[in-house]
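S.K.: Straight from Swiss-Prot, here's the annotation block:
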BINDING   ARG98, GLU172, PHE219, GLU220, GLN221, MET222, GLU223, GLU328, PRO329, SER330, LEU331, GLY332  substrate binding site
BINDING   204-206, 214-219, 288-289, 332-335  ATP binding site
Amino acid sequence: MAVTMEEIVAHAKHRGFVFPGSEIYGGLANTWDYGPLGVELKNNIKRAWWKKFVQESPYNVGLDAAILMNPRTWEASGHLGNFNDPMVDCKQCKARHRADKLIEKALEEKGIEMIVDGLPLAKMDELIKEYDIACPECGSRDFTNVRQFNLMFKTYQGVTESSANEIYLRPETAQGIFVNFKNVQRTMRKKLPFGIAQIGKSFRNEITPGNFTFRTREFEQMELEFFCKPGEELQWFDYWKQFCKDWLLSLGMKEDNIRLRDHAKEELSHYSNATTDIEYHFPFGWGELWGIASRTDYDLKRHMEYSGEDFHYLDQETNERYIPYCIEPSLGADRVTLAFMIDAYDEEELEDGTTRTVMHLHPALAPYKAAVLPLSKKLADGAHRIYEELVKHFMVDYDETGSIGKRYRRQDEIGTPFCITYDFESEQDGQVTVRDRDTMEQVRLPIGELKAFLEEKIAF
């Protein structure tokens, strides 16, 4: 059955995946805290990304750059001049809207598909009037003209709030990679092609955040900047598109819920000569998970111009000197975590007429890899010994409260792939019952084989 966003939000809060931020003070709009299970799920996703994009990659190395950077960075990157969203205000209720999304949603409701992102502001004004678009909040059709709104969060470094001390929270992790290109290339003795990967927080003062953790002002990115010889960028662009899609599928995401969408010319960012989004079919519609962009040599050239640093690369095979081109697969950690939660959530009708809620998370992503359940509290000592051994290697839950059936259901709801039941026979034969979350089938296994069994099941 199709899940709604309301069901996902309720389940996430009820089971400790995601809580509203600052909840005891009435919250802060569009801020979310990852609970005990949410932080495990998100961390497992980040580990899975790092494993395939860095650890197992012959090309890529990692970086963790500072959030606060010299403001000249953002002049060079174009963010101070170009990092804007089109904004429009309702004159009646004062609600503020991102103009392109307002228009796209209104047209979609009329059965018209149109990409508005990238259109001139005057054209957006025309579309609002032409299609008689109303404010979603109050129904008024009286809007201001569309204008640009810079998305960067400004703050001050030091004790005085003067323009000389202005700095910005980074709107993307990519620029920390570009300014360190030479440091990484020299110290790691990398030859092209090679990539630099980073996971970190970014901040954008979004006009209309929403849809739970899909669009927030504070978010986490998993980005790769992959540098190659000019002229080879499109073959690497295709390579990384497929690699990214395969990564999602290898972790169990349903292929029917994924599509690749190429950006039209008018949509392209100022630095890109080709961009493809990997989109996921959320309950509210298709939304971007992964942006894969060919950024050409724009960033390195700009930082050369503004810093005076030489980013030319000497190709020792051809003796050529050139500025490398760059392919950027940029994935939102919060968005992909939400997508995996939605993709895994199911309410199954069982043969006895009852319904069970289950999250079919890939075992590599599941917050707990297993739960140890003593059949009776009298068996707690033996069950605890198994738990204490397994937690040296995996995240494992221990639960001795309630009937075994209710405990199974609790673990199904949080996506635990295997329940290990320690019963009275276990005391005699040294074996336990292992229940599979998805099939609900049960097998007996020797206690000594549990570690190897779980290691095999969580591999991807």
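From the backbone N, Cα and C atoms, a Cβ is placed for every residue, glycine too.
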S.K.: For GLN221 (substrate binding site), write down the residues of its own chain that are at least 6 apart in sequence and whose Cβ falls under 8 Å from its Cβ; none is a fine answer.
M.R.: GLU172, THR173, GLN198, ILE199, GLY200, LYS201, SER202, SER330, LEU331, GLY332, ALA333
S.K.: Compute the C-alpha separation of ARG217 (ATP binding site) from ARG98 (substrate binding site), stating it in Å without decimals.
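M.R.: Cα-Cα, rounded: 14 Å.
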S.K.: Compare the Cα of ARG335 (ATP binding site) against each of the binding-site residues ARG98, PHE219, GLU223, PRO329 and report the nearest.
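M.R.: Closest recorded candidate to ARG335 (ATP binding site) by Cα: PHE219.
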S.K.: Between PRO329 (substrate binding site) and LEU289 (ATP binding site), how many Å separate their Cα atoms?
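M.R.: Between the alpha carbons of PRO329 (substrate binding site) and LEU289 (ATP binding site) there are 10 Å.
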S.K.: Binding-site residues ARG98, PHE219, GLU223: which have a Cα within 10 Å of ARG204 (ATP binding site)?
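M.R.: The binding-site residues close to ARG204 (ATP binding site) (Cα within 10 Å), listed in sequence order, are PHE219.
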S.K.: Of the binding-site residues GLU206, ARG215, LEU289, which one sits closest to GLU223 (substrate binding site) when you measure Cα to Cα?
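M.R.: When the Cα distances are compared, LEU289 comes out closest.
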S.K.: Which residues in the same chain, at least 6 apart in sequence, have a Cβ under 8 Å from the Cβ of LEU289 (ATP binding site)?
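M.R.: Once residues fewer than 6 apart are set aside, LEU289 (ATP binding site) is near LEU248, ASP277, ILE278, GLU279, TYR280, LEU331, GLY332, ARG335, VAL336, ALA339.
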S.K.: Looking only at ARG98, ARG204, ARG215, ARG217, ARG335, which of these binding-site residues has the biggest number of Cβ atoms within 10 Å around its Cβ?
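M.R.: Per the Cβ count within 10 Å, the most buried is ARG335.
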S.K.: How many Å separate the Cα atoms of ARG215 (ATP binding site) and ARG98 (substrate binding site)?
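M.R.: Cα-Cα distance, ARG215 (ATP binding site) to ARG98 (substrate binding site): 12 Å.
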